């Protein structure tokens with residue numbers, strides 16, 4: 001067959017040589033001396049071709065060079081056996097590629113040759129890089145006899161066997177190899193232990209980190225939930241509220257342009273206090289800014305402990321509606337009026353709650369400017385809630401900076417300035433005055449009169465339509481407000497001192513017949529502390545009632561945290577962190593000890609049926625509380641079968657009336673027989689007033705100012721009225737709305753208690769469940785006020801007329817046998833300030 005190219009010749013030669021090797025084995029190699037070189041050349045060509053096939057994606061130029069070198073080697077190695085060709089054909093380029101070997105299926109042969117080359121290298125080079133003795137011993141001429149000594153019949157067989165053979169090494173290398181292997185295993189073991197330890201530490205750190213991050217994650221989840229809820233609310237806003245969503249019940253408060261109702265949400269059945277502001281009155285009184293400010297501040301203070309929450313607002317064509325928290329126990333003032341004064345423990349607790357409320361407000365740059373007992377509400381747990389932010393002020397950053405550097409103005413002391421102040425107070429408009437601030441009801445049942453120095457009633461009588469130019473209430477306003485000074489949080493600290501004084505003493509510290517007198521006392525800081533006033537409380541009040549705002553206790557403290565006030569001895573023992581979670585001390589009828597006298601508390605339990613209701617009895621009581629007069633409905637008369645010394649027939653009544661006409665007190669009895677009379681000291685807190693007390697056949701208990709000869713009021717009669725004597729001088733008279741503290745200087749307290757109880761049984765019967773006269777020691781303290789009511793004043797107590805003639809002896813005391821004159825003496829219509 002004629003060959004057309006060198007490549008075909010080489011291919012054919014290689015194929016023949018491979019077939020010869022397979023058939024003849026070693027003998028073929030021995031017969032052909034040049035076969036070794038030819039085999040090597042062929043193997044080289046095949047190896048290069050295989051490498052080219054495997055790395056065909058690499059640089060083509062380098063592979064082409066390798067192929068050319070292999071071709072040259074193969075040509076030089078086979079010159080002895082290959083026939084000579086023409087020179088022009090011999091100079092042709094020889095090209096060996098993968099396609100040539102693919103055609104004759106020599107890929108398997110390339111793999112075998114590569115394995116043989118690897119075996120040769122492993123057997124002749126040890127692990128340390130030195131040439132082994134096997135290579136030196138087998139350096140024969142042909143280099144093929146070493147395969148025979150190893151038991152292989154051909155290089156191919158040796159190549160196949162090399163896949164399972166180990167590396168040929170020297171003994172020294174094997175020893176080094178074993179040491180290295182052992183060291184490697186030890187390193188692996190140590191690294192595994194270190195990894196296990198690190199893994200445990202990582203797990204522990206991860207768990208602790210998870211525990212630390214858990215609260216933060218919960219907060220983040222809550223924030224995300226709140227944000228999602230807000231987004232949902234924004235996307236799906238709640239339907240607008242209207243008056244039709246609430247059932248309006250009784251009204252619980254009234255202002256100059258608003259009325260507060262108790263209402264029930266028809267959807268949730270929750271009770272709310274809804275303040276209804278009439279738009280017409282707001283425009284007439286120019287209260288637009290007050291309404292906006294109140295809404296803004298209430299939104300800011302909502303969900304803050306100690307403040308009334310604003311649930312929602314809405315409006316219609318006539319009114320604006322503020323839906324607020326309903327304070328079930330009402331405001332604090334009726335409690336002070338009811339029990340006369342708080343004990344020290346009760347005062348300490350509520351003063352601490354007010355201090356916390358001031359800290360919350362001032363931390364948010366809010367100054368209330370009208371703190372007073374009427375604006376301090378009590379929830380169902382008897383904790384305080386601050387309300388009525390119509391006079392509040394939100395301080396800007398600039399105003400707050402000025403407040404810290406505030407210098408008080410010079411006090412106005414000369415008479416010219418006083419005259420100017422008087423003119424200003426009489427002529428300027430009023431921003432604070434409303435019906436709520438007009439009425440300070442101390443619980444006395446008077447004929448539109450006030451027994452003691454009640455400033456608010458005197459304001460109303462002095463100038464009912466007078467206007468003033470400041471924001472606040474007269475008894476609690478600070479000097480800097482009267483002097484038109486900058487408004488600072490110290491104004492609320494002044495009011496706090498006034499409230500602490502009133503809780504202990506029973507009356508505000510500044511009192512007078514009109515606003516001007518009160519303002520003069522405030523500017524002079526004329527505070528009188530009666531006997532029995534707690535010393536620590538007195539020190540606290542003195543440090544709070546300073547004319548210069550900078551000198552007040554707490555004024556130099558950081559905004560929102562009054563550390564100096566908290567550290568005052570009066571607040572010793574207060575746990576500020578859990579104050580609002582504690583149960584407040586019960587409010588007992590309390591008579592502070594004066595001089596050497598002991599403190600007295602009552603043991604009689606007042607009926608707790610003062611909650612608002614819809615029956616006729618409750619409506620009558622609410623109506624009397626709203627109008628400030630007693631009920632005109634006569635209580636049913638229950639006849640007692642037992643003989644009573646006060647049960648007089650008509651003839652006896654006429655005889656007694658004729659005898660008492662010459663008595664100067666007859667004119668105050670309104671045609672009724674005076675059964676018992678005597679001078680008593682009527683106590684309210686730490687203040688006492690001398691009064692003439694009359695017990696008549698009404699039954700009525702009338703007390704009169706013996707100096708001015710003015711009827712001051714009456715103690716309202718009811719089946720629930722009880723008398724309780726504490727000793728020979730002091731006795732209490734309990735009514736559903738108030739406890740009256742009376743002191744008989746002549747020592748007839750027991751006689752008074754028996755007389756009052758006999759008259760009650762005569763008028764209303766003698767139920768077996770009630771005792772005749774109550775007596776308890778001064779240490780008893782079981783009487784607690786458990787529900788709220790307005791202290792109802794009554795000038796016309798229900799009178800029960802007796803018609804059946806029953807013989808009865810006259811009163812036992814000498815003062816009861818005095819005759820009365822036949823003519824009625826007129827009384828002065830005016831009322832002057834009682835002496836302190």
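Cβ coordinates are placed from backbone N, Cα and C, and glycine is handled just like the others.
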Annotation match for phosphothreonine in Swiss-Prot, from 169, 578, 641: 641
From 145, 645, 774, the one Swiss-Prot labels phosphoserine: 645
Which candidate, of 154, 242, 718, 804, Swiss-Prot gives the annotation phosphoserine: 804
Range annotated as region 'PIF-pocket' - as stated in Swiss-Prot, picked from 93-138, 277-322, 323-368: 277-322
Predicted model, mean pLDDT over the region 'PIF-pocket' (277-322): 91
Around the Cβ of residue 370 (active site, proton acceptor), the count of other Cβ atoms that are within 10 Å: 22
